[in-house]
Each structure stands twice: as C-alpha cells, then as structure tokens.
Amino acid sequence: MPLDKTIKKVLIIGSGPNNIGQAAEFDYSGTQACKAVKEEGIETVLVNSNPATIMTDSHIADKVYIEPLTEEAVEKIIEKERPDGILAGFGGQTALNLAMNLNDAGVLDKYNVRLLGINSEAIKKAEDREEFKNLMEEIDEPVPKSIIATHIDECIDFVNKFGLPVIIRPAFTLGGTGGGIASTMEELKEICDRGIKMSPIGQILLEQSVAGWKELEYEVMRDAKDNCIIVCNMENLDPVGVHTGDSIVTAPSQTLTDKEYHMLRHSALKIIRNLKIEGGCNIQFALNPKSNDYIVIEVNPRVSRSSALASKAAGYPIAKIAAKIAVGYSLDELKNYVTKNSSACFEPALDYVVVKIPKWPFDKFNTAERHLGTQMKATGEVMAIDRDFESALLKAVTSLEGKISGLRLEKFEYTTVRELLEKIKKQDDERIFAIAEAFRRGVDVKQIHEVTEIDNWYLNGINRIIDMEKELQDKNNKDKDKSIIKAKKMGFTVAEIARITSLEEGKIKNILNVNNVKPVFKMVDTCSGEFEAETPYYYSSYENEDENEVTDDKKIVVIGSGPIRIGQGIEFDYCCVHGVWAIKEAGYKSIIINNNPETVSTDFDTADKLYFESLYIDNVMNIIEKEKPEGVIVQFGGQTAINLADKLYKNGVKILGTSFESIDLAEDREKFSELLKELNIPQAKGMAVTSMEEAYEAVKEIGYPVIVRPSYVIGGRAMQVVYDKLALQKYMTEAVTLSTEHPVLIDKYIKGTEIEVDTISDGENILIPGIMEHIERTGVHSGDSITMYPYHTLPKEVVDKLVKYTKSLAKALEVKGLMNIQYVYDGENVYVIEVNPRASRTVPILSKVTGVPMVKLAVEILTGKNLKELGYGVDLKKDNKLYAVKVPVFSNEKLANVDIYLGPEMRSTGEVMGIDSDFEVAIYKGFRAAGIEVPKDGGNLYVSIKDVDKQESVPIIKKYTEFGYKIYASLGTGKFLQKQGIDCEVLRTDDLMKAIGDGKINLIINSPTRGNTVGTRGFSIRRKAAEYKVGAFTCIDTAKAFLTAIKVKREEAKVEYRAMKEYFK
C-alpha cells in the first residue's frame, strides 16, 4: 500500500519531560517519526513540553508547540490545527495515555482525527490488564493466573486462594510505577493500595509470580498488509522479577535453543497480528528454564525504551519505519535505511553481541533503597558491542564511568564469602560485581546459579573474566606478555591490567605496541555483511579484518555525553547533535563517539560517522589515532567529555575551543579564586580543605552556614548546606573521601537571587543570548530551580555588572565557544558561584527562546570565525517579547528512601517549559507541564516551616487561605500561624500520614531545617507525599510561585497555545 494521500497534516505527541521510565529514547523516536512523515510532504505539527529535546527544534516539524501535554492544551491545538491524524506511538506512555483520554472524551471524533498506526481498541487490549488477559486466553497464549483488582479486598481473596509471592502491575503506568512483588500480606496491602492510587484508571493486575524464569523481549514490526518481522530479540541477564529497564540485557538472546527461539517468535507474531498493530510493538515473555513452558508478560503497543535499544543493536530504524507504516506504506515498499540496498522486510542479522547495562542514580542518593524489582529505578543506560559476551560486558561496565575498574568494586574485597552470597541473593545494582568477587573467592557456578537463578551461560562468561584475572596475577606465569595480550583482547583496560599485574601502564602499552595489538573496527550493517551498507556505524574489536574505511577528509570528533543521569541529561546530547550538524555545515566530516542507545546522537544518520564505543580514554584514543581528526570538541558532552580533556591533552590531542589549561583553571579552586581576585570580581569566601582539622579551622574563619562539596562534581553531587559542627562532621565522614588529591570545598552560603548566564565567546568578544533568573534562592541547585527568561527582578546596574564580569572572565580564560556562569545577587553585590567553560543544561532552552543557535555559533568560532562575522551582535542580546519559565521535574515516587527536599544536590530528572507573552500564564503553563494540578477552588494544605522561613511564609500562607485552602500544620508552625491570625488545625504526624494515604491532603509546604536525614519526621512526611503523588514544596519561593499559577486558574484567564514560530513573527 502506497502513501495514504488523504493524510495532509499529522499531529505528533511527544513524551514530555525525562523521568525514570521515560527518558531520551522518545526524543530519538519522536525525532525520527517527525522527519519520516515530513519528508513525505505531509505537514507535521509537534506538541511536547520538553525544551531540552532535538524534536522541539523549529526545523524538525513544520509547527512546534512547546506546551503542556494536557487534554486541555492538546484539544485546543487540535481545534486550531485540524490535523487528519495523530501519531501517539512515539511519545511513550505519556502520549499513549493522552491520546486515549482525548479519544474517550470524544475530542478525536469531534474534530474527525484518526489515530494512526494503532487504534484505540488495540491500545485498550494491550494496556488494560483485563482486556489483555482476555485476548491472550482467546488466542490460546499462556498468561499467569491473575485477577484485575480495583480494591484491596479482591487482592487478599486472590492471595488466600493462590498464595504468595505475587506481582502487582498497575494499568496505564510508566516504568512499572506503583508496582512490585509482594512476599508478605503487609507488602501486599501496601503495594496494592499504592498501585491502585497510581493507576490513572484505578486498576491493578495481580498475578502469580514467575520470578526466576528467563525474561525475553521480541521487537516486532507489522504493516497493514499483515507483513510481520522480528527486528531483534533480547534476553535479560536477570531473571523475571527485575524490571527490564533495570536489567542487564543482551541482544540477540544468548541462551535460547533454536526451538525456544522459534516458539516465542511464533507467539510474538501471533500477538501483533491479533492486536492489529501497524508499526512497532514490544512483547515480553517469561520462559521456564526447566521446561518449554512460557507466559506472555506484557505488550507495549508503541515504540518503547527497548525499541531504541533494539534499533541501535540491530541497526534497524524502528521508529522511522513505524512512522512510514502509519502513513500508509508497507514493509515491502520501504528500504532498509542503513544498507539502502535491501528491503525493510528483511529481518536483521547480528554477527556480534550487544550488552546493555542500566545507569542508576544511587551514586547521588546514598540513602536510596537499592533493591531492584518491578518498579524501574535507572535514569539511563549504556550499550556496548563486541564479538563475544565477555568483551561486550567489560566494555559496557567501563562505559558506566563511575569509580569502577573492570568487574570489581573495592568494598567487596573486605567482605566474607557468606556476606557475598547474602548480597548476591538480593537483586540490586551491585550484584554483578558481588558475583565476580565470589568467583574470585572460589565459589563455583553451580552455587551462584542456585542463589541467583541467572543462566549458567552468563555465569560461565563472568567466571572466564575472573579466570583471566587469575592468569594475569599468577606469579608462576612464564608468558605474562601473552596473558596481557589475551586480557586486552577480552576487553580489559590498560589501567585494570596494570592494577592486576602491578606493572606500570606504560609497560603494558609497550607490550601491546610491540606485538601490534590494536583494535579493528567492525560495522553494524543489519545484515552481517550480506548487503553493502551506505550508513553503517562502528564498534571496536580485537580481530583481523578491519571494515572501517578511513578517508583523508578534514574531520572533527565530538565526544558524546554518555548515559542519561541526574545532573547530565538530554540537554548535552542536544548540544552534541547540534555540534555535529554545525561541523557538517562548516565543511568538515563529523564524527561522534558515544555509548547511549537512547539518543539522537547515536542515530545512524546524525553524524557522518558514528563510533558506538565506551568514552574511556583507551577507546577514544584508538578512534582518534585511526581517524587523525583536525581536532576534538569536548565542550558539548557535559562533565563526561570535560573529564577527558586532561587525558586527551596529555596524549597530544588538539582540543578545539577553550584550552585544557583554561578548563583546568576554572575547575581548580585555588587557581580560579586567584583569577577572580585579579579581575576584581567578588566571590563567596571559601577554602579547600584536605582534613577534618582544616575544615573546622575554615568554618571558624568563614562562619556558618556554609556550602560544602567535593572538587570536580557533576550536578552538585555530595553537595550540602551545613548549619553546624555536627552536620559538618557527618558530611565529612559520610559523603566524601578526604585526601590531598581530592580536597573538599567550603564556601560561605550567601542567600540571594541566583542568576544563570550562558555566553558564546570568540576569545575577544562575547554574545549573551539572554540572562536567566532563578525563582528559588541560593542553596537550591540550578538544575532544580524554576528559572525565568528574561530576568524578572534585576536592576539595570546589576545586569551591566553581569555583562562586565562575564566579558572579563571569558577574556581571561580565553574562552572559545560556550561558557556558563552562575552568579548570586544578595541585594548589594554580585558574586560568582562557578564558571563552566562548556555547554550547560540551559543551552537548549535559551537557544529556543532567543532564536540564537548557540551551538552552531560556537562551532563556527571553533572553525575560525569571530562573533562580529556571524550576524548576531555582541554583548547582551535584546530580550524577545515573550516569557519562558523552565520548571524541573522529579522522579521522587520511583526512589524509595530518598529525600525530596530541594538543596544543593541536584535531584530532578528532567524539565519542562511554560512559554507565553504573559509572565503569569507562562508560570501557569510551566506547573501544568510539570504534571502539577493547579486547583481553582483550593483544597487541604499542610504546612511545616523551619524557623528562619516562618516570618516570610505568613503572607504566602494567608494568600493560600484566600484561595480557598484549609490549613493544617505541625505543632510549632501551627502555634506560630495562629499567633499571626491564620486559622489552622494542628495535625499529629500519624494523623497526617493517614490523611496523605487517604488522599485528603492536596498540597504540602515543608521547608526542612536539615534535609536528607533519613528517619526524621519531616523526611517521613516528604517520602509519603512522594509515594502518593501529593504535591510537596520544600522551598517557600516555589510555594509563592505556585500562587501565581492558582491566580491564573481562578481568574479564568484566557490561556492560548501557540506554535514557537508565532513568537518570532
């Protein structure tokens, strides 16, 4: 079937902000979908609330709406645009749920809009747990014994009949939110209660647990002619019981027999045919390893996280093909876009092994519950490709970037075998390292299999890695050089081989060089070399044949940003992608190195050449030595890329833009402090300390409160405001490792307005596209603050000072390209908080709201131009006639035992933007886009305010009462408010907890004296609010801003939704 000519205009719904369970993979799939439809001459309209995405760039769709993903907003956009169809399968669960709500409310019928690729009936059959179960039984596909429950009593009856454990899966939720495995009646009641509340339709599936069975996924495509193919099948290393997003995954599956593979393949094709899905679909199975029994776990009737992984693993652009199918094409009419020589009907063939490892946020949250279950906790993932499992696994582990060297965690070296086996029983993020350590201690595969139920094939692979370690350590080894070569080919890093053998790294490198041990580069071409590929991508391997054609063209390498994590999100992938595009425009060949399967940067057609590799110095240098580029850009890939600057510099690599010396100066506390003194720019009083005694002395001189943090951080990790000696002592012993190499920085905490300045510099002149002001005062991490463009309260003399200081710093640091500076204004002086000589997380939003292509201009400077040639002027650009408000989004409900208070440690996983020509409406849109309900008629508000904020909170609480809120309070706050004439009811903690659980509290304002202290009353209240999705503000500035949103709602102000182009007319 050719293109459907009746489709003239299509609305694509994005996925909104990044959060746990829904991250960059939907920017990748949404961008592909927009491009695929647009190139058919169909008008594309995109709605998405996430300004950090490539898909919200003005050229990706004909019209781009950065507006809240709410029924109200999208209905108004449909009314205005009148699309013929909607693509809802490329924006994750958010888009699917929104499309279903619009369908059920009659909006799609009213405006004669079709759901393309998947109809509402298929969505219901896949997403509604009861309908799904009924369909599977109808087509004779096995599902576990289960019931659909909407009340706790039904759950208890089921367990009384069939026993524990059971798995609880809420309907229409994301990343397993609200679900879990219950092994006791107490757990059953708690998880079921939470799951029913978190499901948008109040429904959960309760099913008999098959924990311990193998978990497998099949990525399937189907068209309207009923052509079906399997793109890729994947196997979770962890058995059923761990969410697939939290599991180590291999592609293709490694342990299935041919019979098992085809049995599940047949089932997957039968399911997609009966659901009548046209496009992509992900089907998850559980397989009993002791028999041929299997069950169908669930179906995602859309492009998913696993689709992104399958796309990159197989080299098959699932989202692009699915979008083409949705507008009428069939698989046999489409080409494979990687080979351009074969049909999209051919199933990809993989002659390599792919390993995905999740990236968890536990390095930031040391109090978090690390147990992995059916509710996803990972923020991102890495993918590695090699010719065998062992090499791919070691490459993936290296890609995680933490303080990890091979399959080793230092802390396990001091544990007993019994402790290790106890640790291995529990499914958590460290289990694979505990397994490796158990093998080092002589525990055998059989014993570990009994404890973990991980297939012996995988355990044998891990054991072979440990055997290699033992061979390297063997004092009687007569041919150590041979063992070193063997280890390198297996995937060991030079640093790890040096550590194991106690030899210098230089000596190891020499042995490898003398023996000409260098990697070759193999292609991902979807067809195991059967057809010639036009746009393949590459991975390294220690084999003989090199499939990589290196040209003499002038080329530039961009270092990617690695896995999505808190503090380094999709914004940096945005910068890398724009960097690659600008390099092409400047007449160079673009090369990107990255390891994140979720992103646009690792799409097959983004750069001229993609290397899917670990961002470890060994791997990066192998590519640079092979390609011999004109230079390397590190300023777009966040702290990951910046951290490579030192090693690249020492290896003689030319870093384009700001020099390594300047990067180091900005990061080095003492050197930078001296520079500020020379430039006469005020800074908060601070010191670097390397011992407890020095810390006490420093605080004596500076005075409490202080901000403490390690040097070289990302996202404010292990950063805290400290108010007294006890808190300082606790921080120094628990949060950081003190040493002369890693000093701790202690700064005076200055309370004031925080300001963000992003600038482009050519070494002489600067261009500041806009100045952004934070709503929350200092002490809250910039990534967690509500941020306004343009600035709202700053006097002209302060703005002049900001421009002057920024110019001085750019010149002194000889910045070429992008730089971000954070300032604080305390009402009298402007102080520099920090300087980042690189792209920041505000570059995408600032580029969009000012119309200045910041990354493109930076690349033009890096390739020889200056600002005056580029046509955007110099110094501070005049503000556009619009207001933009960036609102952070958190995944608090996903991470048990983590405090939600806002402080200097970044916690948000994503962001949204509210944009309007009216400032108050922009704030309203921002809160709505962040998923926060804005009530018109008040509700029940609980307040508990720390002493220093009490007086300031009075007019704010009074305003809430005027807006119809009944006030409940803690004892201390209640007494204070009553004295101020505010009517309130004091609630004991137990009563409050019950009220939150019963849904009787709508909003909480709780400014903690000391956040992050597990076990306190405030911590318990904040956690309960997170788990039951009750809005909680921990900063009174946020609570004050929310009043503005309520005001807009109460006044029924006319809220208009505009395409971005309308603001630039």
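Backbone N, Cα and C atoms are what each Cβ position is placed from, and that goes for glycine too.
Taken together, the residues of the region 'Carboxyphosphate synthetic domain' (1-401) have an average pLDDT of 93. The region 'Carboxyphosphate synthetic domain' annotation in Swiss-Prot covers 1-401.
Look at Swiss-Prot and you will find R129, R169, G175, G176, Q208, V210, E215, G241, V242, H243, Q284, E298 tagged as ATP 1 binding site. Spatially close to E215 (ATP 1 binding site) yet at least six residues away along the chain are E235, N236, D238, P239, V240, V242, T244, S247, Q284, F285, A286, L287, I297, judged by Cβ distances under 8 angstroms.
The region 'Oligomerization domain' annotation in Swiss-Prot covers 402-548.
Residues or ranges marked as region 'Carbamoyl phosphate synthetic domain' in Swiss-Prot (evidence: sequence analysis): 549-931.
Positions annotated as Mg(2+) 3 binding site by Swiss-Prot, on the basis of sequence analysis: Q822, E834. Residues near E834 (Mg(2+) 3 binding site) in space but far in sequence (CB under 8 A, at least 6 apart, same chain), listed by position: I821, Q822. Under the three-state DSSP scheme, E834 (Mg(2+) 3 binding site) falls in the strand class.
Annotation comment: Swiss-Prot describes Q822, E834 as Mn(2+) 3 binding site. Taking the Cβ of Q822 (Mg(2+) 3 binding site) as centre and 10 Å as the limit, one finds 18 other Cβ atoms among all the protein chains shown.
Annotation source Swiss-Prot lists Mn(2+) 4 binding site at E834, N836, citing sequence analysis.
What Swiss-Prot records for 932-1065 is region 'Allosteric domain'.
As annotated by Swiss-Prot, domain 'MGS-like' applies to 932-1065, with the evidence given as sequence analysis.
Cα separation, Q208 (ATP 1 binding site) to N836 (Mn(2+) 4 binding site), rounded: 52 Å. A strand conformation is recorded for Q822 (Mg(2+) 3 binding site) in the three-state DSSP classification. With DSSP states grouped into helix (H, G, I), strand (E, B) and coil, the domain 'MGS-like' (932-1065) comes out at 65 helix, 22 strand, 47 coil.
Of all Cβ atoms in the protein chains displayed, 24 besides its own lie within 10 Å of the Cβ of R129 (ATP 1 binding site). Residue density at V242 (ATP 1 binding site): 26 other Cβ atoms are found within 10 A of its Cβ, drawing on all protein chains shown. The Cβ of N836 (Mn(2+) 4 binding site) has 20 neighbouring Cβ atoms from other residues within 10 Å, across all protein chains displayed.
Of the binding-site residues Q208, Q284, Q284 has the largest number of other Cβ atoms within 10 Å of its own Cβ. Taken residue by residue with DSSP, R129 (ATP 1 binding site) is part of a helix.
The distance from the Cα of R129 (ATP 1 binding site) to the Cα of N836 (Mn(2+) 4 binding site) comes to 48 Å.
For the recorded site, Q208 (ATP 1 binding site), the DSSP three-state label reads strand.
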